[in-house]
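The transmembrane segment annotation in Swiss-Prot covers 1-21, 30-50, 57-77, 79-99, 104-124, 172-192, 204-224, 230-250, 257-277, 280-300, 360-380, 400-420 (among others) and is backed by sequence analysis.
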Amino acid sequence: MTLAILAVFSVALTLLGFVLPPQGVKRATLLGLALALASLLLTWGKPFAFGPYAVDGVSQVFTLLALLGALWTVGLVRSGRFEFYLLVLYAALGMHLLASTRHLLLMLVALEALSLPLYALATWRRGQGLEAALKYFLLGALAAAFFLYGAALFYGATGSLVLGAPGEGPLYALALGLLLVGLGFKAALAPFHFWTPDVYQGSPTPVVLFMATSVKAAAFAALLRVAAPPEALALLVALSVVVGNLAALAQKEAKRLLAYSSIAHAGYMALALYTGNAQALGFYLLTYVLATGLAFAVLSQISPDRVPLEALRGLYRKDPLLGLAFLVAMLSLLGLPPLAGFWGKYLAFAEAARAGAWGVLVLALVTSAVSAYYYLGLGLAVFARPEETPFRPGPPWARAAVVAAGVLLLALGLLPGLVLPALAAGG
């Protein structure tokens, strides 16, 4: 049902976009995404399969997160061109497909269905972001080639294109490694992260919100289905948490800093992936989507483009609501109680300890402590003496979304049991 709704709205708005005003297309896109989300919730815990397309618990949890990010993105954007909303809708369709299949050919189609709109969205404001978007496109094409080659080797090793087919030997291991490279690019795992800082810095802030939340959720849904070698996952965890956190320390622009932060968080998610616990990964992603979405929603009200760190100074004095919301987002990303980010990291780290992955666990703990320097620096900057920069508060609905995300982060921090049973039923 979710697939049908997204497909119908995508095709219908492609045809009607030329006659409807842009705001009409935006409202219709929001309606389509909301209906897709409602259908997902109404069928929660009820598996469905049709050929290679299969809705299961993993699909439902990660599609939910992707749709939340898509709704937030469309709500924040004020574009005079209807194509923007169509691109988000088509990307959301690709994300749902990616999360809802084990078949490598359909997975490849889904990857391209979500990637092509993202390349266009990254170049939406031409000029400073064009070079970064070109890098994103070229590296994305290379990652797709790795994935395709991995699928071919997987078929050669197992005689099947369905993930989970039994296999062994060096050809099978190489196939899984190449699939991991292709999906690791979308998840922004180091060392496949080189596009992330430039694209985040050069793209419009709502587009960055979409990339940092929805795309990451869909990528990890696919990664969860790939039985990647534990040694390879451990290496990706180590590289991501070290590169992401250390590089973030030297940044002077907020979106670029959060890009490196997202690389580090991809490493923590990969730690949950390493243990094979879908519930821990799903909860971590939920808290990450809420906190990261909240941070970028605040940044989008400061500037739709680049946001130097100085622009955050004194935000609380200019707008107490946005200042407090940004502080909540930073503290949740850091993983401090009583916010939801604490339980996300706790579940991932506890599962790693239970699995005996002490090496990567210690590294994750140390780098998480290092991240306190820049998260607290960003969060407390909002209380400093304000810079003399123009500031115009966003519309009421955007502020309401900020409040809702902040309240959810606090509520899930105090009562994580509100969603853990549902995630267990889904995952």
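Placed from the backbone N, Cα and C atoms, the Cβ positions cover glycine too.
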- line: Same-chain residues at least 6 beyond the ends of the transmembrane segment (57-77) with a Cβ under 8 Å from one of its Cβ atoms are 2, 26, 29-30, 33-34, 36-37, 40-41, 43-45, 47, 84-85, 88-89, 91-92, 95-96, 99-100, 204-207, 209-210, 212-215, 217-218, 220-221, 224-225, 278, 282, 285-286, 289, 293, 297, 300, 397-398, 401, 423, 425-427
Surrounding residues of the transmembrane segment (230-250) on its own chain - C-beta under 8 Å, 6+ positions past either end: 176-177, 180, 184, 189-191, 193, 197, 257, 260-268, 270-271, 273-274, 357, 359-360, 363-364, 367-368, 370-371, 373-374
- prompt: Thinking of Cβ pairs under 8 Å, which stretch from 1-21, 172-192, 204-224, 257-277, 280-300 has the most of them with the transmembrane segment (104-124)?
  reply: 204-224
- line: Same-chain residues at least 6 beyond the ends of the transmembrane segment (1-21) with CB under 8 Å of its CB atoms are 28-29, 31-33, 35-36, 39-40, 42-43, 53, 55, 63, 82-83, 85-86, 89-90, 92-93, 96-97, 100
Task: Report, as numbers and ranges, which residues of the same chain sit near the transmembrane segment (79-99): CB under 8 Å and 6 or more residues beyond its ends.
output: 2-3, 6-7, 9-10, 13-14, 17-18, 20, 22, 25-26, 28-29, 32-33, 36, 53, 58-59, 62-63, 66-67, 70, 73, 106-107, 109-118, 120-121, 124, 210, 214-215, 217-219, 221-222
- prompt: Taking a Cβ cut-off under 8 Å, which residues six or more beyond the ends of the transmembrane segment (30-50) line up next to it in the same chain?
  reply: 1-2, 5-6, 8-10, 13, 56-57, 60, 63-64, 67-68, 70-71, 74-75, 89, 92, 96, 422, 425-426
